[in-house]
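Engineer: If you scroll down you'll find the structure; I have some questions about it.
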Amino acid sequence: MATPHNQAGTNEIAESILLPGDPLRAQFIAEHFLEDVKQFNSVRNMLGFTGTYGGKRISVMGTGMGCPSIGIYTYELIHFYGVKNLIRVGSCGSIQESLKVGELVMAMGASTDGNFAHQYRLPGTYSATASYELLECAVRSAREHGYSCQVGNILSSDLFYTETPEWKEWAKMGILSIEMESYALYCNANRAGVRALGIFTVSDSIVTGEGLSAAERQTGFTNMMQVALETAAAFTE
Ligand SMILES: O=P(O)(O)O[C@H]1O[C@H](CO)[C@@H](O)[C@H]1O
Ligand SMILES: O=c1cc[nH]c(=O)[nH]1
């Protein structure tokens with residue numbers, strides 16, 4: 001079996017998968033955290049790998065940037081490859097003074113300035129939410145390791161560069177941080193009845209202009225990956 005964007009054969013992808021935007025981050029996770037790794041995809045260089053973590057079969061694959069891109073990859077993972085647990089591991093920009101660079105964010109919900117949910121023809125505004133089971137497990141894992149973590153609503157924006165500081169309006173609604181994919185991930189997962197969660201490392205503060213140093217980025221991302229892998233393993237046979 002193959003899709004226009006994924007050359008993996010039947011059963012080459014595990015039921016639980018980590019999803020960074022950057023395919024090279026997928027390769028980093030596979031090389032540093034997984035054992036017995038086999039690459040299953042290189043179409044468009046959107047690298048995907050399956051290996052084991054603590055004896056559990058786990059996959060990791062890039063998604064690209066933005067809701068259209070993650071929308072394609074996760075639709076195929078869910079509907080053509082039978083993936084049941086999808087955990088995004090991304091970077092995000094803080095829009096709250098209290099949320100510092102290097103901290104972890106768990107997206108209980110995702111809001112959007114895009115129109116991904118228009119396809120469902122809903123008679124209102126859809127609130128895209130994470131799997132509570134994955135969220136509870138990930139929060140417990142972060143707390144046990146002593147990693148600083150905030151849980152709440154994030155913004156999945158279609159825009160990285162904006163002409164006006166629209167983030168200030170989202171901040172007034174309690175949005176913690178901005179990234180670009182979780183709303184589509186949650187829509188696809190909720191529509192199909194599978195589990196999804198977005199976990200983030202705050203790479204920069206849109207409030208203060210601070211950003212993570214290279215070393216801090218490495219540590220922060222590593223903590224996020226550990227939490228995501230423990231959560232994925234907990235939901236894998
Ligand atoms: O770090 P990743 O997972 O790529 O995610 C964030 O980084 C990209 C923007 O630089 C967007 O994809 C955004 O969601
Ligand atoms: O999408 C993103 C990711 C990191 N930082 C931002 O400001 N936006």
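Just so you know, glycine gets a Cβ as well, placed from its N, Cα and C.
Automated prediction, rather than curation, is the source of TrEMBL annotations.
Take a look at what TrEMBL says about it:
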ACT_SITE  D204  active site, proton donor
BINDING   H5, E179, M180, E181, S203, D204  purine D-ribonucleoside binding site
BINDING   G21, R25, R44, R88, V89, G90, S91  phosphate binding site
DOMAIN    17-235  domain 'Nucleoside phosphorylase'
SITE      R217  site 'Important for catalytic activity'
Engineer: Which binding-site residues out of H5, G90, E179 lie by ligand 1, going by a Cβ under 6 Å?
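Structural biologist: Near ligand 1, sequence order: G90, E179.
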Engineer: Near ligand 2, which of the recorded positions R44, S91, E179, S203, D204, R217 are found, taking a Cβ distance under 6 A to any of its atoms?
Structural biologist: S91, E179, S203, D204
Engineer: What does DSSP assign G21 (phosphate binding site), in three states?
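Structural biologist: In the DSSP reduction, G21 (phosphate binding site) maps to coil.
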Engineer: Using DSSP reduced to three states, classify H5 (purine D-ribonucleoside binding site) as helix, strand or coil.
Structural biologist: coil
Engineer: Among R44, D204, R217, these being the recorded positions, pick the one whose CA is nearest to that of E179 (purine D-ribonucleoside binding site).
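Structural biologist: With Cα distances computed to E179 (purine D-ribonucleoside binding site), the winner among R44, D204, R217 is D204.
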Engineer: Please tell me which one of the recorded positions listed here (M180, S203, R217) sits closest to R88 (phosphate binding site), measuring Cα to Cα?
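Structural biologist: Comparing Cα positions, the candidate nearest R88 (phosphate binding site) turns out to be M180.
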Engineer: Round to a whole number and give the Cα-to-Cα distance in Å for the pair E181 (purine D-ribonucleoside binding site) and G90 (phosphate binding site).
Structural biologist: 9
Engineer: Binding-site residues G21, R25, R44, G90: which have a Cα within 10 Å of S203 (purine D-ribonucleoside binding site)?
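Structural biologist: Cα within 10 Å of S203 (purine D-ribonucleoside binding site): G90.
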Engineer: For a quick check of understanding: given the listed purine D-ribonucleoside-binding residues H5, E179, M180, E181, S203, D204, what is the maximum Cα-Cα distance in angstrom, as an integer?
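Structural biologist: Output for purine D-ribonucleoside binders H5, E179, M180, E181, S203, D204: max Cα distance 31 Å.
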Engineer: Counting only residues 6+ away in sequence within the same chain, which have a CB under 8 Å from the CB of G90 (phosphate binding site)?
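Structural biologist: Non-local contacts for G90 (phosphate binding site): P20, G21, E179, E181, S182, G198, I199, F200, T201.
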Engineer: Looking only at C-alpha atoms, tell me how far V89 (phosphate binding site) is from M180 (purine D-ribonucleoside binding site), rounded to the nearest Å.
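Structural biologist: V89 (phosphate binding site) to M180 (purine D-ribonucleoside binding site), Cα-Cα distance: 12 Å.
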Engineer: Quick one: of H5, R44, S91, which binding-site residues lie within 10 angstroms of the residue listed as 'active site, proton donor', measuring between C-alpha atoms? Sequence order, please.
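Structural biologist: The binding-site residues close to the residue listed as 'active site, proton donor' (Cα within 10 Å), listed in sequence order, are S91.
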